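**Q** The structure under discussion is supplied below as structure tokens; questions concerning it will follow.
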Amino acid sequence: MAPILELLPAVDVAGGQAVQLVQGKDGTGGRYGDPLNAALTWQNAGAEWIHLVDLDAAFGRGHNRELLASIVGKLDIKVELSGGIRDDESLNAALATGCHRVNIGTAALENPDWCAKVIAEHGDRVAIGLDVRGTTLAARGWTRDGGDLYETLERLEAAGCARYIVTDVNKDGTLKGPNLDLLRDVCSRTDKPVVASGGISSLDDLRALAALVPEGVEGAIMGTALYEGAFTLEEALATVREVAQ
């Protein structure tokens, strides 16, 4: 049996609430109540991972650090923690929650030396988020440009980055389907695992992503489709298992 595509339901937190944004734009999308309840719902439905995001920290307007730490502590499954991790203090706080790994985005673009140091020190506990519009990276809560995707990828490869989380910003929260060409392109330039994020709208989208596992796609982060009931997590897990058989 081939490797199964890992599914990471997203719990994005702003102002203490679970939310989902459209194209990363503040104030868009739905609100879904208590983030711990959301995370426990996905755990109980069979998730092995949660992608937990502090949107306030990502946008640079405070944080939900204590809340996120308490959520990590109450879950029995692996957590990937993301949002506003851009210096030693925020990184150490994130790692101290006991999360399985952290996702660093903006910092990788604004401070490559720090990023290389963190990759060297923490290895597999650090994934780098590549948030992409076309072939340009989007920085700090996606409100600014952050340079060329492939130049940055080359630099991160040289630094020994263990894993990439690739988001097509234009697809995120839109239910318009993932950017398979972008994922293939990134996979062709690295032998490290790639986690896909953005645009998943249907079980067919998951089948298409699962078909890219041999090329290097390891996982898929799902948000809006799950919260809006496009399919259940149980259906999603069954679908990716079928593809792997």
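Using the three backbone atoms N, Cα and C, a Cβ is placed for every residue, glycine included.
Pasting the relevant annotations from Swiss-Prot:
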- Asp12: active site, proton acceptor (ACT_SITE)
- Asp131: active site, proton donor (ACT_SITE)
**Q** Between Asp12 (active site, proton acceptor) and Asp131 (active site, proton donor), how many Å separate their Cα atoms?
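**A** On Cα coordinates alone, these residues lie 16 Å apart.
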**Q** If you count Cβ atoms within 10 Å of the Cβ of Asp12 (active site, proton acceptor), leaving out that atom itself, what do you get?
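**A** Its Cβ shell of radius 10 Å holds 26 other Cβ atoms.
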**Q** Within 10 angstroms of the C-beta of the residue listed as 'active site, proton donor', what count of other C-beta atoms is obtained when all protein chains are considered?
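**A** Taking every protein chain into account, the count is 26.
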